[in-house]
Ligand code: IYR
């Protein structure tokens, strides 16, 4: 796979595609980042963008993970002390998941977002940006129903992060798209360059295949889950034989194979008793999806394999979490 393919595989879009192509020509020393509001336990939502960071790391980018403590505070996620503590746990879980420690820079938002220059630039952006635009940017990020002033400050800070962390490529789920567009439109008014953004898809809910998988509503798999819990959740997942079911639903089992399993394993083996045809082996997602669609691969066997591979991905982070909880 060439650099551009590695950079864009499983991504929904790069804004702009041409800027992305230019970056892929020479990624060495270029900085790509994702910001996360700290939460003590990583779940599949976090890990989707983490997979992209691992791809980018392999493609030669330097990786920056922003532990967005101030953003979490602005978004009503707890007291500042609580947020700082969970950020530490989050860092350990990311490393256990497979980000390379020597090549990944972890930055706390509060380490630079409270400094004079940043705050003054923030106020300039507040003057330049309409309330309406800032609120629209937050539509898919805001955690509380009622918007507060902090919710309109939030996206302006996220835009500034791109400049202050000296980022060449901003990465995030599609839910971050409007913030990145705001950044593209507004950073030049401060004399800063526009930088490209890469967006990963939002996966469908595990049990219904509708809407989006999230930890706040519905079911996700997190580093808190043991093997048994993972098996249970995957067993209950919606898995029609079709790759693309009718209407707005997706096949979440296939999505998990595509976005979580195949990017991290060279091949997937589905164990099957000899009487049912013996083991199946897949080197790419398409082959597995074709077999599910044709009936060669039974949904129950696909689920057993999915649970097994997700468990392997989660195990190291689960152990780190347990160490934290035992107070080490
Ligand atoms: N808005 C993100 C968190 C976040 C991301 C970036 I990239 C920042 O620079 C700051 C915050 C979220 O929804 O989790």
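Glycine residues also receive a Cβ, built from the backbone N, Cα and C atoms like all the rest.
Annotated L-tyrosine binding site per TrEMBL: 33, 154, 158, 161, 176, in sequence order. Residues or ranges marked as ATP binding site in TrEMBL: 215. Marked as motif ''HIGH' region' by TrEMBL: 38-46. TrEMBL lists 212-216 with the feature motif ''KMSKS' region'.
Features as recorded by TrEMBL, highlighted on the structure.
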{"residue": "33", "record": "L-tyrosine binding site", "DSSP class": "strand"}
{"residue": "154", "record": "L-tyrosine binding site", "DSSP class": "helix"}
{"residue": "161", "record": "L-tyrosine binding site", "DSSP class": "helix"}
{"residue": "176", "record": "L-tyrosine binding site", "DSSP class": "helix"}
Checklist line | pLDDT averaged over the residues of the motif ''HIGH' region' (38-46) | finding: 91
Notebook entry, point to check: Near the motif ''HIGH' region' (38-46), which same-chain residues lie under 8 Å Cβ to Cβ, leaving out any that are not at least 6 residues past its ends?
Noted result: 67-69, 72, 77, 83-87, 89-90, 93-94, 97, 173, 203, 213-215, 220-224, 256, 260, 317, 321
Checklist line | Max CA-CA distance, Å, over listed L-tyrosine-binding residues 33, 154, 158, 161, 176 | finding: 17
Next item on the list: Using DSSP, tally how many residues of the motif ''HIGH' region' (38-46) sit in helix, strand and coil.
Entry: 3 helix, 1 strand, 5 coil
Checklist line | Residues near residue 161 (L-tyrosine binding site) in space but at least six apart in sequence (CB under 8 A) | finding: 33, 35, 66, 68, 109, 113, 167
Notebook entry, point to check: Near residue 33 (L-tyrosine binding site), how many other Cβ atoms are within 10 Å of its Cβ?
Noted result: 24
Check: If you count Cβ atoms within 10 Å of the Cβ of residue 176 (L-tyrosine binding site), leaving out that atom itself, what do you get?
Finding: 23
Next item on the list: Measure the Cβ-based neighbour count of residue 154 (L-tyrosine binding site), defined as the other Cβ atoms within 10 Å of its Cβ.
Entry: 25
